[in-house]
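Here the structure comes first, spelled out in structure tokens, and everything after it is commentary.
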Amino acid sequence: MANVTVIGAQWGDEGKGKLVDWLSNRADVVVRFQGGHNAGHTLVVGNQTYKLSLLPSGVVQGKLSIIGNGVVVDPWHLLKEIETLGAQGVSIGPDLLVLADNACLILPLHRDLDQAREAAATNKIGTTGRGIGPAYEDKVGRRAIRVADLHDREALEAKIDRLLAHHTPLRRGLGLPEYDGPALLAELEALAPKILPYARPAWLMLDEIVKAGSRVLFEGAQGALLDVDHGTYPYVTSSNTVAGQAAAGSGLGPKGPGYVLGIVKAYTTRVGEGPFPTELNDEVGQHLGTVGREFGTVTGRSRRCGWFDAALVRQSVALNGIAGIALTKLDVLDGLPTLKICTGYRLGDREIGYLPAGLKAQRELAPVYEEMEGWSETTQGARSWKDLPANAVKYVRRIEELIGAPVALLSTSPQRDDTILMRDPFQD
């Protein structure tokens, strides 16, 4: 199978960056297909640490990297990220990076709106305040400015006028000053020669790449449980994060995603607000957060931590068509005498094995746990199955049984090479 799609199978922060970086050795092209610069990836290569939030992880490997049409792009942030990587010795030019010419732009007015709404809200969603949601609103409302619009000053000016006709009343209602249209036009005109060299019809490139027999790695951002349709709505992101979006967000078509690899932590974390059935507000939760270094790459916020939720991951396996999972951060569980796995939930007087759609029901769920004996030995840095303690192997096998998908890869540290390969997704 030529293509692999990597998605987070929980609430994000599962370790996708490291796995995409590791898998990109086997790929020819890496593609981002949704989200914006609201979800960060941390890559550790030797003694160098790279923090990305918009660029595909493949750029660090020198692989052709494509930002697809499903991504909303802050062009100023993109240039800053390119500059930062350049200072770390990774040179990125149009020969290495392609930006879909039909991708929509995040503008400063989107950030303003995002932050003002969150500040005014009684029930906060926990947005990063980077303008992703408002940018998607304008995309769906057919008033967004797209990369290709930077070619045409006259059309760009008209589009800005139309955009401000919508945003001005919103800004007024939130106590924000009117946005300066001519100033925005001048900013975008100055930006155009820096961005347009990267702009190309990504769908056409991908069609040619696949026909030539090259391997494509699709890189998802965030996690399936933050999907705008299938996640814990309204505590979700503003895009579809499930594997099916790889086709729509790249333009390659429904056969494009290929093998779907779900990235799953050996426990559960979540950033921001929203239901979290297995959350631990005790010493074990603190242990997971401290040992796992559970702080957001983009926001620096502490992540909420809890036991592994097999019911949620099982649901994610079904929603995404996951063929195999990559289990990460197993080493964080080292030394815990007892481990728990959530196998389902109690809701009132009945037991269910899935997360219901209603927010009220989600908040009333009581997890049903299965206990397992932990291990005292270290798993950190293990690079083969035989290096794992017997109880760690039992834990992994039980997860496979409960979620209905095999473990294809096992990550035992942030280092790229501390990865146990059970089956190669590109060969499956």
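Using the three backbone atoms N, Cα and C, a Cβ is placed for every residue, glycine included.
A quick note: this is a predicted structure, and the numbers were derived from the prediction, not measured.
The following features are taken from Swiss-Prot:
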ACT_SITE  Asp13  active site, proton acceptor
ACT_SITE  His41  active site, proton donor
BINDING   12-18, 40-42, Arg303, 329-331, 411-413  GTP binding site
BINDING   Asp13, Gly40  Mg(2+) binding site
BINDING   Asp13, Glu14, Gly15, Lys16, Asn38, Ala39, Gly40, His41, Thr128, Arg142, Gln222, Thr237, Arg301  IMP binding site
BINDING   Thr297, Val298, Thr299, Gly300, Arg301, Ser302, Arg303  substrate binding site
Spatial neighbours of Gly12 (GTP binding site) among the binding-site residues Gln222, Gly300, Ser302 [C-alpha, 10 Å]: Gln222
Listed binding-site residues Lys18, Thr42, Gly300, Ser302, Leu330, Thr412, filtered to Cα within 10 Å of Gln222 (IMP binding site): none
Of Lys18, His41, Arg301, Arg303 (the recorded positions), the residue whose Cβ has the fewest other Cβ atoms within 10 Å: Arg301
Greatest inter-residue Cα distance in Å for the IMP-binding set Asp13, Glu14, Gly15, Lys16, Asn38, Ala39, Gly40, His41, Thr128, Arg142, Gln222, Thr237, Arg301: 34
In the chain carrying Thr412 (GTP binding site), residues 6 or more apart in sequence that have Cβ under 8 angstroms from it: Leu330, Asp331, Thr379, Gln380, Gly381, Ala382, Arg383, Asp418, Thr419, Ile420
Arg303 (substrate binding site) versus recorded positions Asp13, Gly15, Asn38, Thr128 - nearest by Cα: Asp13
Lowest local Cβ density (other Cβ within 10 Å) among binding-site residues: Asn38, Thr42, Thr128, Gln222, Ser302: Ser302
Mapped DSSP class for Asn38 (IMP binding site), helix or strand or coil: coil
Integer Å distance between the CA atoms belonging to the residue listed as 'active site, proton donor' and Lys18 (GTP binding site): 8
Lowest local Cβ density among Gly12, Gly15, which the record lists as binding-site residues, within 10 Å: Gly15
